[in-house]
Amino acid sequence: MLPLLLPLQLLLLMVMKGGHGCQGPELDRELVLAKVRALVLDALGPPNASKDGGKPVAQRLTRRHAHTGGSTRRSMENEDEDLSQVILFPTTGPGCEDEPEARAAEGLFTYTFRPSLHTRSRQVTAAQLWFHTGLDKVGAEVHNDSGPMVTLLAMSSGGPMAVPILLGPAPPHWAVLHLAAPAFTLLTRPLLVLLLRCPNCPCPAQLDATPFLVAHTRARPPSVGERARRSPLPPPWPWSPAALRLLQRPSEDPAAHADCHRAALNISFQELGWDQWIVHPPSFIFHYCHGGCGLVPSPVLSPGAALTPSQPLPLGPGSRPCCAAMPSTMRPLRVRTTSDGGYSFKYEIVPNLLTQHCACI
């Protein structure tokens, strides 16, 4: 029996430290907010102050896009669109020391890219290949008597195929190759092999001269069948402010919350004072464990039997059970933050924040 008590006591200490439980019969909203603040700050750290005096994100983004001719309403709608920018570095490149002289004179460089599963699952809206040419001006020497100076090929099952590109403005010693829309599907491959031909370009041996791909993506719109599956069923009751208040505060009946249960609280980041830092989601449902356990007898388990979330864990003699989250059932909260007022965003995760199952532990 003694070898079994030690891991159970350690489990109890872990739950009392990290779980959301062991609260009194009445739980104040400010106490829950303070707990959420501590968990978020412990995971993300304190927010960075905006360099422009903390101007509202919506106003700054609207002003930034005003010169494009779009309406303010359209700019506000674009803020909620799931956009991302990915930079891909090659996993393998040409070995400049071992490069054959014939290929080096031809200026043919081979690079292998491995787009992530996240990138392949999204819709590419723009893509550029940045390549270090070592030349001051590439745009003036794009065409010569023998044809284009920089060409791009992609390996396929049928052999190399030409990739349509457009040479755009670039800093000195670099070339920016904008891929045409038909070439966006290349980034949906798990393995992408590009062959770049630049006869007058030296082999980029230095690390800061490594080429890279820049992909702008957005969430792929769901198909008709997916939209039908994802469409939530209408609630059996009409939504009203009274229903929202039920989520924001516990029931007035103490008996309904006397036993151990999973409670819910609607928390907005504006209420926490972080709406200029955490911009998405604007609010979330915080689940936590609440209620008493009473005098719950320890269950007698047969060898190999598993506990269910509704069963109390066996404790040592004299131990008092606590209503807390079941270990390994906490879920993270994914948020999008900004530290410069909306000019750039960062996707972050607050781990072990949302309770899934409660039990008397």
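Here, residue 1 is simply the first one shown, and the rest follow in order.
Including glycine, each Cβ sits where the backbone N, Cα and C put it.
Database features (Swiss-Prot):
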DISULFID  C260-C323  disulfide bond
DISULFID  C289-C358  disulfide bond
DISULFID  C293-C360  disulfide bond
CARBOHYD  N48  N-linked glycosylation site
CARBOHYD  N144  N-linked glycosylation site
CARBOHYD  N266  N-linked glycosylation site
REGION    45-82  region 'Disordered'
SIGNAL    1-21  signal peptide
Alpha-carbon spacing, C260 (disulfide bond) to N266 (N-linked glycosylation site), which is rounded to whole Å: 20
Distance, C358 (disulfide bond) to C293 (disulfide bond) (CA atoms, angstrom): 11
Length of the line joining the Cα atoms of C323 (disulfide bond) and C289 (disulfide bond), in Å: 6
Residue pair N266 (N-linked glycosylation site), C289 (disulfide bond) - Cα distance, angstrom, rounded: 15
Most Cβ neighbours inside 10 Å, all chains, among the recorded positions C260, N266, C293, C358, C360: C358
